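Asker: Handing you a structure now.
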Amino acid sequence: MGFITKAIPLALAAASVINGAEIMETRAGVQTLADKYIVVMNDGMTDKDFDSHRSWVNRTHRRRLIRRGAKAMGGMKHTYRFPTGLKGYSGHFDEQMINEISKRADVKYIERDARVQINAIEQQDNVPSWGLARVGSKEPGGTTYYYDGTAGEGSTAYVIDTGTDIQHEEFEGRATWGANFVDDMDMDCNGHGTHVSGTIGGKTFGVAKKSNVVAVKVLDCNGSGSNSGVIMGMEWATKDAQQKGADKAVANMSLGGAFSQASNDAAAAIAKGGVFLAVAAGNDNVDAADSSPASEPSICTVAASTEQDSKADFSNFGQVVDVYAPGDSITSAKPGGGSQVLSGTSMATPHVAGLGAYLIGLGKGGGPGLCDTIKQTAIDVIQNPGASTTSKLINNGSGM
């Protein structure tokens, strides 16, 4: 499937406490990264206090390496400063250093960094796409996509994924490279991100055919990355969107994994910053409340439907799901030109991000409130949606 994950099965993280600071534990089966951690600071911390804490970490780490002959570790790698106030950092520390950090009163919690990765992707050649027609029609089985000519003009979609082939003809020069937090290749060598971007803003496959697309790469050629790297991409997208106008921005995250408080907090920071964020519910046919960032309530969580208006058998479900969108056998762009057919909640999510961009083009407003707007125009048609799950399927309100 197209959803990016590693945790099977997913579950709420257990928590432990080491000398005061909470350590968010991941369950068995989740691939944690050895001696790598994400540290999140207390709410309301000032920049001055954060800088002081970082200086203390660097001094203490160096002292341990030099004076105590501690095991060589890389120390602090990246700091997070979301415009909405969330602060933290990731790094490579031994247990003793984490114990020292945990004693600090200014630390909210510490989380072990974990791997995220694309699951097997279903591919079927030469199958016509149906998702666009379904978004623009109140009845299934259509072959025409009805939409307003504004088509998301003036909006910007941040695709936090494997990158995007920005030269693909589908984007007509509207796609740009934003940032790369996983490797030194500014290209989509996997294909997942280009497919997602095409569903949002492609001239043929896109819901919002005139929207701008910004590639934010957080996963490598194998579709592999880390929670800390994904959060770096989320931070960058939030800052860039605020500089250019958050009310005109949407973000898409067709990725996830086991419950991560840090991932959820970063997603909440994007929404608090005024950016509409659509996130995949997951492909394990379990309750999405046990995965992140899908379980964050302030974002728009998307499950996958079939051409027959039923829940896709792989799709996660549950109360955290906001809407269903087409996610089974979806045709979109592939790197180097042409198209491919993929399935997953990864494919459903850009239909929702694209619809958000489309509504921005119509002057319906932006920000996290777009999820409520999308739910209001959705139609009640999904069969067997899953326990405690909405049966709403997205619709662009064209009236057809």
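Placed from the backbone N, Cα and C atoms, the Cβ positions cover glycine too.
Got these off Swiss-Prot a minute ago, pasting:
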SIGNAL    1-20  signal peptide
DOMAIN    36-118  domain 'Inhibitor I9'
CARBOHYD  Asn58  N-linked glycosylation site
DOMAIN    129-400  domain 'Peptidase S8'
ACT_SITE  Asp161  active site, charge relay system
ACT_SITE  His192  active site, charge relay system
CARBOHYD  Asn222  N-linked glycosylation site
CARBOHYD  Asn252  N-linked glycosylation site
ACT_SITE  Ser346  active site, charge relay system
CARBOHYD  Asn396  N-linked glycosylation site
Asker: Which whole-number value in Å describes the distance between the Cα atoms of Ser346 (active site, charge relay system) and His192 (active site, charge relay system)?
Answerer: 8
Asker: Which of the recorded positions Asn58, Asp161, Asn222, Asn252, Asn396 has its Cα closest in space to the Cα of His192 (active site, charge relay system)?
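Answerer: Sorting the recorded positions by distance from His192 (active site, charge relay system), the top entry is Asp161.
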Asker: Tell me the coarse DSSP state (helix, strand, coil) of Ser346 (active site, charge relay system).
Answerer: helix
Asker: When you rank Asn58, Asn222, Asn252, Asn396 by Cα distance to Asp161 (active site, charge relay system), which of the glycosylation sites ends up on top as the closest?
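Answerer: Nearest in space to Asp161 (active site, charge relay system), counting only the glycosylation sites, is Asn252.
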Asker: Given the recorded positions Asn58, Asp161, Ser346, Asn396, which one's Cβ is surrounded by the fewest other Cβ atoms within 10 Å?
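Answerer: Minimum Cβ neighbour count within 10 Å, taken over the recorded positions Asn58, Asp161, Ser346, Asn396, occurs at Asn58.
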Asker: Which residue among the glycosylation sites Asn222, Asn252 has the fewest other Cβ atoms within 10 Å of its Cβ, if you could check?
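Answerer: Comparing Cβ neighbour counts within 10 Å for the glycosylation sites Asn222, Asn252 gives Asn222.
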Asker: Count up the helix, strand and coil residues in the domain 'Inhibitor I9' (36-118) according to DSSP, in that order.
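Answerer: Split by secondary structure, the domain 'Inhibitor I9' (36-118) comes out as 29 helix, 31 strand, 23 coil.
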Asker: Please average pLDDT over the domain 'Inhibitor I9' (36-118) for the predicted structure.
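Answerer: Across the domain 'Inhibitor I9' (36-118), the average pLDDT comes out at 91.
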Asker: Between the Cα atoms of Asn222 (N-linked glycosylation site) and Asn252 (N-linked glycosylation site), what distance do you get, rounded to the nearest Å?
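Answerer: The Cα atom of Asn222 (N-linked glycosylation site) is 19 Å away from the Cα atom of Asn252 (N-linked glycosylation site).
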